[in-house]
Amino acid sequence: MVVKPEWLRVKAPQWQRVGSVKELLRDLNLNTVCEEASCPNIGECFYQGTATFLMMGPACTRACPYCDIDFEKKPLPLDPTEPQRLAEAVVRMRLNHVVITSVNRDDLADGGASQFVATIEAVRQRSPQTTIEVLIPDLCGNWQALDQILAAGPEVLNHNTETVPRLYRRVRPQGNYQRSLELLQRVRDRAPWIYSKSGIMVGLGETSEEVVALMQDLRQVGCDILTIGQYLQPSPKHLAVQAFIPPEQFEEWRRLGESMGFLQVVSSPLTRSSYHAEQVRALMQQYPRQRPAPSPLG
């Protein structure tokens with residue numbers, strides 16, 4: 001058994017503030033990936049009044065052995081009121097930046113793209129000053145569905161590659177590394193004004209050389225932002241941690257990624273794909289992109 005090192009211990013949150021966020025989420029019947037995936041940063045994020053909203057859940061149609069989200073082959077139908085409830089939460093929490101993600105919905109023809117579009121539109125209507133980041137699944141390679149999401153105009157589109165290609169069969173058996181790269185390439189080709197983002201976990205048995213090769217693959221498809229964090233085993237039934245990577249290695253990857261041309265690399269043991277995501281607003285000011293008037297993608 002690999003013993004968890006001191007650098008992975010987090011401070012206890014101030015539960016009064018955390019409780020108020022949880023109360024709001026329960027009031028609006030919303031799920032968060034913070035809770036469903038047992039994120040170690042939940043206390044810090046809830047204390048700061050931020051959350052990553054999990055749509056179309058809480059059950060997922062894939063059973064990835066690293067993930068703590070419940071598996072359900074046939075989840076409940078989509079709730080048409082969810083986009084408006086999520087937009088209401090954005091207003092109540094006064095969010096400058098919102099991260100919206102979802103479970104995999106392989107049971108739906110469009111993978112849930114229409115729900116992403118409806119939610120982006122609802123947030124735009126209720127809180128036009130809020131920048132929107134969507135963290136999407138691979139949509140089973142349905143690129144028309146991806147185009148629908150891109151046309152809705154989120155500022156950031158995130159799709160996590162999760163791990164190095166050698167480990168996909170064990171870590172992400174229903175995923176496909178090349179399909180994930182193609183998704184990110186299509187974001188760059190179809191909507192170059194959108195900031196693209198991806199994230200990976202380490203500590204699953206990959207080598208540093210494999211991580212560097214993955215980073216190079218992401219740059220080749222035009223990925224702008226990269227997050228790297230330590231994998232933590234949610235329960236004994238999930239994949240075991242193979243190694244706890246020291247903070248110095250994360251810092252080395254951060255420096256290397258910046259030298260490769262990523263606009264931002266967030267790399268530390270406790271980094272998760274949505275951790276401090278609001279910092280992208282400063283990045284957008286530093287590297288502005290001209291967004292054309294809304295129109296269907298041709």
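Including glycine, each Cβ sits where the backbone N, Cα and C put it.
What Swiss-Prot annotates here:
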- Cys34, Cys39, Cys45, Ser274: [4Fe-4S] cluster 1 binding site (BINDING)
- 46-263: domain 'Radical SAM core' (DOMAIN)
- Cys60, Cys64, Cys67: [4Fe-4S] cluster 2 binding site (BINDING)
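Highlighted in sequence order, Arg62, Ala63, Tyr66, Asp68, Ile69, Phe71, Val103, Asn104 have their Cβ within 8 Å of the centre of the Cβ atoms of Cys60, Cys64, Cys67, the residues recorded for [4Fe-4S] cluster 2, and are not part of that set. Between Cys60 ([4Fe-4S] cluster 2 binding site) and Ser274 ([4Fe-4S] cluster 1 binding site), the C-alpha separation comes to 19 Å. Across the structure, Ser274 ([4Fe-4S] cluster 1 binding site) and Cys67 ([4Fe-4S] cluster 2 binding site) are spaced 16 Å apart at their Cα atoms. Remark: of the binding-site residues Cys60, Cys64, Cys67, the most isolated position is Cys64 (fewest other Cβ atoms within 10 Å of its Cβ).
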